[in-house]
Amino acid sequence: MQVYRWTLTMALSIVHRATGIALYAGTLLLAWWLIAAASGPAAYAHVQAFTGSIIGRLIVFGYTWALMHHMLSGIRHFVWDLGYGFKANEREALTWGAAIGGIALTVLIWIIAYAIGGGR
Amino acid sequence: MSASDTPKRSMRTPLGRVRNLGAAHSGTSDFWRQRLTAVAMTLLMIPVLVIIMMTLGRNQAGAKQILGSLPIAVIMMLFIVASAWHMKIGMQVVIEDYVHNEKLKLTAIMLNNFFSIAVALASIYAILQLSSGV
């Protein structure tokens, strides 16, 4: 496949899929959180101990990024589905927007989370 | 590319076109639902993030009080249904792209359905439990 030049849109296409698969597995975390909240204080404390740990924080941070990136990348696909943004400069701009926007939103969410006391 | 650019002529008869509804045998319903659930989740994203943020730094009793309120429970359940449906379709596309052995593919698609439904039902059950007995 060496006739292909690796492009940004190709890379982001793979990342869209990879983040989708990661989010698929990540729903277990969401389900665990909800089930623990419904189960009682002890179960909920386990979840909080996990999400408060370094590994837990890294996973939740990664989950936040995967979610934000997949959403913005998905909106980009939606724009294409509607028939817009197919010119070379437009599709590059949309793709850069999704890549940078995903990181920016992730950082923003975590700044807000820490600001309101989620870091405790 | 607009719809008017697509060729109108086809060698397939109208009956042939509808009989098996393409390779997926279900027409474009998955394509449509993938986008329907994507739009739903995008609209629900800010409320869901706010709800999760509200529970930060609180213990189980605090989280239960927040998650158990009617509007929040409904928003969370809508998001879970949309997520599970969306990820079920997305994973099926991945399976169909990479798994070429027919039996393995059907097994993987079945497991994908089981997983997605189980995660959704477990989450919804938890929310219903949080909503009752507050």
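Placed from the backbone N, Cα and C atoms, the Cβ positions cover glycine too.
According to TrEMBL, the feature heme binding site maps to A:His70. A:His70 (heme binding site) falls within a helical segment according to DSSP. Cβ neighbour count for A:His70 (heme binding site) (all protein chains, 10 Å cutoff from its Cβ): 25.
TrEMBL lists A:21-44 (among others) with the feature transmembrane segment.
Long-range neighbours of the transmembrane segment (A:50-72) within the same chain, counting only residues 6 or more positions beyond its ends whose Cβ lies under 8 Å from a Cβ of the stretch, are 15-16, 19-20, 22-23, 26, 29, 33, 97-99, 101-103, 105-106, 109-110. The transmembrane segment annotation in TrEMBL covers A:50-72 (among others).
Positions annotated as transmembrane segment by TrEMBL: A:93-116 (among others). Cβ atoms under 8 Å from those of the transmembrane segment (A:93-116) belong to residues 8-9, 12, 61, 64-65, 68-73, 75-76, 79-80, 85 of the same chain, restricted to positions at least 6 beyond its ends.
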